[in-house]
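> TrEMBL feature annotations, pasted as is:
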type: DOMAIN; residues: 73-144; note: domain 'Copper amine oxidase N2-terminal'
type: DOMAIN; residues: 305-707; note: domain 'Copper amine oxidase catalytic'
type: ACT_SITE; residues: Asp376; note: active site, proton acceptor
type: ACT_SITE; residues: Tyr461; note: active site, schiff-base intermediate with substrate
type: MOD_RES; residues: Tyr461; note: 2',4',5'-topaquinone
Amino acid sequence: MNPKFPYVLLVGAAVIIFILSCMLLSRGRQSPSCESQPSIVEKTGSMSQSLVFADLTPEEMSQVVRYLQGNLGVQLVDASRAKPSDNCIASVDLQVPAKAEVLRFLDGGGARPPREALAVLYFGNQAEPNVTEYVVGPLPTPAYHRDVTVHKYGGKVPYHRRPMLGSEYEQLGAFLETVAFAAAPTFLQEVFEYDRTNVAFRITVPHGFQSGDRKSWFVLFQNVSGFFVHPVGLEVLVDHSSLDMSQWAVSRVFYNGQYYRDMVQLESAYVQGRISVEKVRKAPWDGDFSSMKPRAPSAALFPLQYEPQGPRYSVRNNHVLFQGWSFAFGMSVSTGLRLFDIRHKGERVAYEISVQEALSVYGSNCPGGMSTRYMDGSFGLGRYTSPLVRGVDCPYLATYVDTHSLSGTQRLEKRKASLCIFEQNLGSPLRRHYSNLQSLYYGGLVNSALVIRSIATVGNYDYVWDFIFYQNGAMEGKVQATGYPSSSFLHGDGLRYGNRLWEHTLGTIHTHSINYKVDLDVGGVKNSLVAHDMAFEMTRAPWSPEQQIERPRLTKKVLDTEDQAAFRLQSKMPRYIYFAANSKNKWGHQRGYRIQITSFAGDHIPEASSMERAISWARYQLAVTRRKEEEPTSTSIYNQNDPWTPTVAFADFINNETITNEDLVAWITAGFLHIPHSEDIPNTVTVGNSVGFLLRPYNYYDLDPSIYSHDGVFFTSEQDVTACEINPLACLPKTASCLPNFPPFTYDGFQNM
């Protein structure tokens, strides 16, 4: 053996040990974890002041319930168990203080307005049943209540206008099962294999054709996942106007294109063989074609976003701070997500921005479909705000906020993670320029915006509500519609009213109209409405008079009255319309915020309709009125069940008052037409089903405020673009090489249902 061989082995072993040690050490040096705490410090004053808009706490709601139970002198039944003939608390929500009081507190050093609740009570156990609204305060220890119903609505609210409680739905379901269906056992068993569990129903609104009616069509479906697209062809009209449930009765029955007096007549006709039966294939419990279960296995993970140095925004109670933006947020039981005291660069630009209503008008050749006019605020856009799924409904690392409500029951309802807030890199520049003429440089700014979001699931539809804040001082309100399309049983001339989605499923044509309230305060409370647009003018070229030039010129008009500021859906609206302040920018222009609407709304329901006044806000793509405390909302929760005598008619807001140098409100309507198609199966996607509005600074600043953003990038041809001090993007391997802290996935959306 060569005597040098052992030394060779020793050297080789040492090299191998060294290599393995390096590998182990390199594996051990993992990237550091990303920061998880925001580096923003808020002033205590602004945070505590925002609480004037804060939703009621669970403790405050409980105190209001206890106070009402002990101080009204009548027995109050829990709404979840109430019969129509009982007295009950239907809902409790924040009573937002008057604007003048709030501004004295926020801006003038005045006293904090008393904290109060608005309680809606149903009094069915009275000689004259009615709905009454009480303001209860001061919270957290109530000592008084006052009836504000007459002051708000000019009189008591008739009892038939009350929104339906969950208990009434349950009572109607029991009526169908024990009374209506009991009259047609043979038909139900042989046609639907009815076993009391395999049928679901959807109720239509409004309830009839005239004030006082409470007659509802119940459309029957197979009780499977995504039942909304599994109609079976049977619809039952129930008269439930009586407060005595024993007096409820079937008024009409519809099956496969034919009408019957009641279930008894339907049963008789079936037994005698006088019915054309259309057997529907029994669907499995997962709904088959309507199942949301993915048809493909998981593969490569979709892209995720993270914040390498922690969130750049802060959320304290109901107050949000982001870049130059700050605002307070809340959740109304009826109208959902709303914002208050919206400021940019410390200056208020809007006092309130809120959703008002979501309307859908359906068409069909079936009675339930053709009579449906959903006003979702009546059901509760806030009440039906759904828990959000981390990573799908919002980015995984968003900030999630719980909300609480008291509606339809005396039991407080907590919806965990039902509101989310996050900063989003939109993947495109907010602005940029690449210069290859004269000087050579690049300048750009990443379009990173803050989003606050909630999603309301009202029956078959899911509405994704966003308010988005951009670094240039622009703000956007947007809604995206998804969920299941509503459907009718396909028969006869059904294809006049939609597309066939499955064997017996007609996706019914319908409109969506969304109304917003935008109370802008641009440079102060008093504003005017100004319209700018363009017109072509013909002129001779000064240097060549024999030649003609068509040149655009600026047109300007001050809109002096509410009538001038009410733009019908199909009318031509100035492309630049803005709230003008009483101050000017450096260049002598009135400072303003422009309203820009994104909408595909078509025709409004004809004004000759007996129910049109209840939804008269939908006549207008934009209407600007004087702000009045007695006109807080464009509609009412009571309009749904009595649209023929609306409790609030928005058309009455527009009475040609002057709107020059006044406190103004913009009422914005955005909408679209939905003709369900085969790609709406299993359900509707958000792509293309999005509308809303933008609020954009218009001569409000002396230049684009985003130039002061820390996210800007600029370098020239003569600079070293790999140097961190020149180009922050060159630092990403150092500043962004961290591991995000993904918390464990949890979901509480199926608890306490």
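Just so you know, glycine gets a Cβ as well, placed from its N, Cα and C.
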> What is the number of other Cβ atoms found within 10 Å of the Cβ of Tyr461 (active site, schiff-base intermediate with substrate)?
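Around the Cβ of Tyr461 (active site, schiff-base intermediate with substrate), 24 other Cβ atoms lie within 10 Å.
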> So what sits near the residue listed as 'active site, proton acceptor' in its own chain, CB-to-CB under 8 Å and at least six residues off in sequence?
Glu357, Ala358, Leu359, Ser360, Ala456, Val458, Tyr461, Tyr463
> Per DSSP, how many helix, strand and coil residues does the domain 'Copper amine oxidase N2-terminal' (73-144) have?
9 helix, 27 strand, 36 coil
> Restricting attention to the domain 'Copper amine oxidase N2-terminal' (73-144), give the mean pLDDT.
97
